[in-house]
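Accompanying notes for the structure given below.
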Amino acid sequence: MKILIANHYEELCKLSANIIKEHVQAKKDAVLGLATGSTPVGLYKQLISDYQAGEIDFSKVTTFNLDEYAGLSPSHPQSYNHFMHEHLFQHINMQPDHIHIPQGDNPQLEAECMVYEDLIRQAGGIDVQILGIGANGHIGFNEPRSDFEDRTRIVKLSESTIQANARFFGGDPVLVPRLAISMGIKTIMEFSKQIVLLASGEEKADAIQKMAEGPVTTDVPASILQKHNHVTVIADQKAAQKLKKASYL
Ligand code: F6R
């Protein structure tokens with residue numbers, strides 16, 4: 001696991017955008033795995049400005065998002081589908097049929113999960129997967145004690161994640177869906193050729209320390225990344241403040 005400590009959030013965004021940009025420049029039909037949440041918003045802004053500057057072409061790129069709330073239609077303002085269009089897709093030249101996000105309002109949710117997993121397999125896996133991390137160590141919506149063998153499936157959100165995500169629902173946790181579809185840990189580990197995990201802010205400091213330096217345990221789902229052979233963690237100083245090994249700095 002390579003750990004890069006950025007001086008501030010803007011640098012984190014620039015470093016992660018550069019990884020994606022260089023990858024897409026070298027492989028025009030790259031498959032990218034994307035995340036939602038606050039952390040990657042600046043990365044997406046940077047990619048939009050790189051696109052506007054003519055430095056990156058998304059016309060042949062395929063994307064797969066990590067997760068989506070169950071029960072929300074793609075057009076629902078709090079759906080991850082809506083989020084991705086607002087923060088990235090509507091500003092760049094992605095082909096709509098190259099964009100994949102689980103359909104949260106599919107009445108056949110289990111079938112949706114299986115089809116999604118198959119689509120990633122058929123695409124040949126994911127070249128670069130962007131991950132955020134929950135304060136409880138989750139990746140995607142794989143909450144603590146998720147099985148490391150899990151594939152894309154329906155998951156129950158933990159209480160702490162419901163509270164953390166209430167800010168996207170006008171601050172009201174009651175409005176946060178209780179279920180979601182998420183790529184499983186096995187899906188992420190097996191299908192991602194390269195993983196870039198982003199973390200910003202001191203509320204992520206414990207999770208980053210446990211992920212990188214603690215035991216590999218389902219109590220901290222992200223700790224499994226210690227067993228992946230190509231992971232780059234990009235953390236700002238606040239998120240990195242509890243790391244013990246000075247060699248990262
Ligand atoms: C979102 C996702 C989540 C977030 C995590 C951190 O697609 O998969 O694991 O990455 O909850 O969210 P933020 O960035 O809002 O702190």
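From the backbone N, Cα and C atoms, a Cβ is placed for every residue, glycine too.
Going by TrEMBL, these are the annotated features:
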| type | residues | note |
| --- | --- | --- |
| DOMAIN | 10-231 | domain 'Glucosamine/galactosamine-6-phosphate isomerase' |
| ACT_SITE | Asp67 | active site, proton acceptor |
| ACT_SITE | Asn136 | active site, for ring-opening step |
| ACT_SITE | His138 | active site, proton acceptor |
| ACT_SITE | Glu143 | active site, for ring-opening step |
Reported as an integer number of Å, what is the Cα distance between Glu143 (active site, for ring-opening step) and Asn136 (active site, for ring-opening step)?
8
How many Å separate the Cα atoms of Asp67 (active site, proton acceptor) and Asn136 (active site, for ring-opening step)?
17
Around the Cβ of Glu143 (active site, for ring-opening step), other Cβ atoms found within 10 Å total 22
